[in-house]
Amino acid sequence: MEILCFFRFIPYFSGVYTDNLPAVLVWSLLSFFIWYGQTAFHVLTCVERYLAVVHPITYVSLKSKMGITIRNISICCVWLLCFARIGLSAMREVYTILDFFLLIISILVTMFCSVSVLRVLVRTGPGEKAREWVDQSKQKAFYTLVIILSVLLLRFVSSMVWTALFLSIVNKECLILACLNWCNLPSSLALPLLFLHKGGRFNCLKKQIK
């Protein structure tokens, strides 16, 4: 989905600089498609994180054949939702209600899962006071989850503002959509940067700064 997010700007730039309206329309449809996919996959990632921390036994059971089937069905549902969004592009009132419904569900699920995980990380388990490295690992996970939750809330709240402005402001859709893309950028970069940081890819930068 992130790869599609990058390549969707090809029809955008080609349409803007050549006054090709169909290319801009393709970019607009791809933007809605990708926005739905990114939002849904972010929510599924939060649910997976919630199961891994709060219900580890259930999470381990998802590695079975039945669990893999549930994962695949969930992913297929996300892609079908994205295609359904494109099909509703001509029905402004219908897809606006669907956008708000998706955003509200996304915010509620993300907040519930993230707060539940944060509560588990803050709670002290038996024998953890004597092991300082466990506290440090929990503290690092806590800060990481706070960063992820912050960028996701920025994404969802800005999307709700964009949906409201999209209905009230005429002939400003492109400007509003561009602002929304900037607000969504941190959520797209958060996980890759955290993985790179965990892999020690930024150690060379720290050495150069020192």
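Positions of Cβ are set from backbone N, Cα and C atoms, glycine also.
Taken straight from TrEMBL:
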- 24-47: transmembrane segment (TRANSMEM)
- 68-88: transmembrane segment (TRANSMEM)
- 100-122: transmembrane segment (TRANSMEM)
- 142-169: transmembrane segment (TRANSMEM)
- 175-196: transmembrane segment (TRANSMEM)
Recorded stretch, among 24-47, 68-88, 142-169, maximising Cβ pairs under 8 Å relative to the transmembrane segment (100-122):
142-169
Could you pull out which residues elsewhere in the chain have a CB under 8 Å from any CB of the transmembrane segment (68-88), counting only those six or more residues past its ends?
29, 32-34, 36-37, 40-41, 44, 62, 94-95, 98
